[in-house]
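Listed in TrEMBL for this protein:
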type	residues	note
TRANSMEM	165-187	transmembrane segment
TRANSMEM	231-258	transmembrane segment
TRANSMEM	264-286	transmembrane segment
TRANSMEM	307-327	transmembrane segment
TRANSMEM	339-363	transmembrane segment
TRANSMEM	389-415	transmembrane segment
TRANSMEM	421-444	transmembrane segment
TRANSMEM	456-480	transmembrane segment
TRANSMEM	500-526	transmembrane segment
Amino acid sequence: MYQVNVILDNLPAIRYTKKDGFMLRWTGYPVGVKVQDAYYVFNHLKFMVLVHKYEDNVARVMGTGDAAEVIPTIGNAGSNVPGYMVVGFEVVPCSFQHNADLLKNLNMYDKYPNPINCDPGMVAMAIKENEPLAFTYEVTFVESDIKWPSRWDAYLKMEGSKVHWFSILNSLMVITFLAGIVLVIFLRTVRRDLTRYEELDKEAQAQMNEELSGWKLVVGDVFRAPTNPSLLCVMVGDGVQILGMAVVTILFAALGFMSPASRGTLITGMLFFYMILGIAAGYVAVRLWRTILGGANKGWFSVAWRVACFFPGISFLILTTLNFLLWGSMSTGAIPFSLFVVLILLWFCISVPLTLVGGFFGARAPHIEYPVRTNQIPREIPAQKYPSWLLVLGAGTLPFGTLFIELFFIMSSIWMGRVYYVFGFLFIVLILLVVVCAEVSLVLTYMHLCVEDWRWWWKSFFASGSVAIYIFLYSVNYLIFDLKSLSGPVSATLYLGYSLFMVLAIMLATGTVGFLSSFWFVHYLFSSVKLD
């Protein structure tokens, strides 16, 4: 499944294949093919270069300043006949058995004497040991109507937009269903309970206090600090950073700022926004930490420092391990050492200081006041019919349902060499995912409070964060069923390593959404209750 990517004038080579009457577009071409237990190499390439004649107006537009020399002219340097510009680059790979005798006297770039019949449906050049292998190519230039500004359209044509709309519709149904539940919770329980509660006189209130059921019983415990509060703050801070980066990057990509014509802008943009949003990560984490401590300032610096090192540190560990694997197998895909140094410098000279600055602002900002006081002695949690972690794990299926169709396209673009350019859809799916995560976590938190379980902090985080487990299982499934010919432990380890990295980021982002929505809900719920 190795793909060869060829670029001409910044355009990747595009290959058309027919399958079930559909035309499929691929960038690049495979190194070879396996037919009946024999391997054949594609050693002859038939390039078709689509060209478009320079038009006077384009020449004038492009002739601003130093670009005037760019326009080639045909013939002598002084002649005014305009040349052509490349507007398309197609490739047809063939497997062709060259004549060994003819090759003996030929050097590189020499012309092969006999005509080559290139039929993509036939394979001829089987790979055998110690047999010389010649690579040849032919080029045809075809004049085309495609104009220079629209030369990328062939790469970005929407394939199967119906599928994306179906996925969005599917997500909207899940969202409406959950929104209904949330609305019912707010209207039925909260509102009814509150009105009943405020209308009664003192005597009846005292009597009602005894028979209070559900969430009002845990009023003295609901804001009790969770176990490992600093880890929760760190994970929420990192989640805010990752989510912010995703939203901003995808928004810019959807608006067309990160076109595939400029290579690598997406990764650069992601890194840039991630570092800048360190401020938000530090601020949120430290403010949450102070809220849990009840306004005390102690230990904010260590929380901010941990935020700066938690996610980047784990990512760095994963990427370094994978890189050693790549170095070990002499791959050119390994990140060079110089780039490693640059990444470490970016991390410690830009990301860490910004996060600490954010933490400083978080330490200066007023902490969030709890609406109710917490009792000294924690209340006993009644025995549950079934373990609450089951609910938390099951909750991840709902966000996964909104995500999985888009996930397939993203996986294909990362691992199969397809162009992914439906960032508009991706942005909509991301917004829907955020809404679903918030709703799922809110409903689950309410369910826990109703059965008098006040330990909601971590559960609200993992209720939506558990979507990551399903995404990881999906990527394992994708490895087994879609990347069948991915052979060797190194390839599989690389794939799983990158998947793990992706899943960790998703868990932090979705978990943060869930936690923050639950925190707001609990705060709102108990601030509207008059309990003395």
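Any Cβ shown, glycine's included, is placed from N, Cα and C.
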When each of 231-258, 264-286, 421-444, 500-526 is checked against the transmembrane segment (456-480) for Cβ pairs under 8 Å, which one has the most?
500-526
Report, as numbers and ranges, every residue of the chain located at least six residues beyond the transmembrane segment (165-187) whose Cβ falls under 8 Å of a Cβ in that stretch; write 'none' if there are none.
398, 401-403, 405-406, 425, 428-429, 432-433, 435-436, 439-440, 442-443, 446
Surrounding residues of the transmembrane segment (264-286) on its own chain - C-beta under 8 Å, 6+ positions past either end:
233-234, 236-238, 240-242, 244-245, 248-249, 252-253, 257-258, 300, 303-304, 307-308, 346, 350-352, 354-363, 365
Are there residues at least six beyond either end of the transmembrane segment (307-327) with Cβ under 8 Å to its Cβ atoms? List them, or say none.
233-235, 237-238, 241-242, 278, 281-282, 285, 333-335, 340, 343, 347, 351-352, 355-356, 359, 490, 493-494, 497-498, 500-501, 504-505, 508
